[in-house]
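*Asks:* Per Swiss-Prot, N6-acetyllysine is recorded for Lys105, Lys268, and the stated evidence type is similarity to another entry. Annotation source Swiss-Prot lists repeat 'Solcar 1' at 6-98. According to Swiss-Prot, the repeat 'Solcar 2' annotation covers 111-201. Under the heading topological domain 'Mitochondrial intermembrane', Swiss-Prot lists 1-7, 100-109, 200-210, 292-298, citing a curator's inference as support. Taken from Swiss-Prot, the feature transmembrane segment covers 8-37, 75-99, 110-130, 179-199, 211-231, 274-291, and the record attributes it to similarity to another entry.
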Amino acid sequence: MTEQAISFAKDFLAGGIAAAISKTAVAPIERVKLLLQVQHASKQIAADKQYKGIVDCIVRIPKEQGVLSFWRGNLANVIRYFPTQALNFAFKDKYKQIFLGGVDKRTQFWRYFAGNLASGGAAGATSLCFVYPLDFARTRLAADVGKSGSEREFRGLGDCLVKITKSDGIRGLYQGFNVSVQGIIIYRAAYFGIYDTAKGMLPDPKNTHIVVSWMIAQTVTAVAGVVSYPFDTVRRRMMMQSGRKGADIMYKGTVDCWRKILKDEGGKAFFKGAWSNVLRGMGGAFVLVLYDELKKVI
């Protein structure tokens, strides 16, 4: 293997391991966030049974669905997250070579910043093309609030993918893809761009204290998450439409979804579950720091 191939493999491994660990740890918060986002578009949750907020959701889930249901959809998320994050990190460095070749970060700060934004956004969009059906399945499984097998919409990851493909074709697994690409570019651009730029401006980036790295990563993750959150809400609402027919279809398309959420629920609805997203973001920040530490070891 060439040195470049070994470096790529190390990036893939370090990114994937870090992601799988952190995602499982924050899975309960992730499920709460998803339920708050999509409950308005769920056929299983009646208007009078909707969750009032994070605390109500955390209290009711174990009572109504069992404690283990907090991890519903987590397997799909870990499977999805391993290639997503690993590909993101690996491609990010390849895109950095394209966008940042020959750029001096000390004398060309804004050119350096723009290159980091572009490489982060391009890496996220590229990865999304490969793993979107897994992201779709994770959302639908997490939104499934049935207690037992007969009450549940899907029995698991495979059942979800098969049922939606039979009903809507492969296209059904890519519902909300366009708005996802828009959101992922905004999120990843901030996530990688600001993080790398901030680290690059430190006196000795390779030997930065882990606490400083974590603080930078935490801030970046929170800012990126809030900025791109409305796009995430719209894409997940669109995902909830797959498998529906006729009068059950709530939104004619992405633009109609934006318009109806704003008209029927108000601007605040775009940010439902956003606070739990910030809490979950601690796991995302941990991924960035853990990735850097793993690369030193591998």
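One is the number of the first residue shown, and numbering goes on along the chain from there.
Glycine too: its Cβ is placed from the backbone N, Cα and C atoms.
Fair warning: this is a prediction, and the values are worked out from it, not measured in the lab.
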*Asks:* If we count other C-beta atoms within 10 Å, could you say which of the modified residues Lys105, Lys268 has the fewest?
*Replies:* Lys268
*Asks:* With DSSP as the yardstick, break the repeat 'Solcar 2' (111-201) down into helix, strand and coil residue counts.
*Replies:* 73 helix, 0 strand, 18 coil
*Asks:* Round to the nearest Å and give the CA-to-CA distance linking Lys268 (N6-acetyllysine) with Lys105 (N6-acetyllysine).
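*Replies:* Rounded to a whole number, the Cα-Cα distance is 39 Å.
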*Asks:* Under the DSSP assignment, what numbers of helix, strand and coil residues are found in the topological domain 'Mitochondrial intermembrane' (292-298)?
*Replies:* 6 helix, 0 strand, 1 coil
*Asks:* Six or more residues out from either end of the topological domain 'Mitochondrial intermembrane' (1-7), which same-chain residues have a Cβ under 8 Å from its Cβ atoms?
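*Replies:* Same-chain residues near the topological domain 'Mitochondrial intermembrane' (1-7) but 6 or more away: 93.
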*Asks:* Can you give the mean pLDDT for the repeat 'Solcar 2' (111-201), rounded to a whole number?
*Replies:* 86
*Asks:* Let me spell it out: take the topological domain 'Mitochondrial intermembrane' (292-298), skip the flanking residues so only those 6+ beyond its ends count, and list any with a Cβ under 8 Å from a Cβ in it.
*Replies:* 10-11, 13-14, 17-18, 210, 213
*Asks:* Using a Cβ-Cβ cut-off of under 8 Å, list the residues of the same chain that are 6+ residues beyond the ends of the topological domain 'Mitochondrial intermembrane' (100-109) and lie near it.
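*Replies:* Those are 115-116, 119, 197, 200-201, in sequence order.
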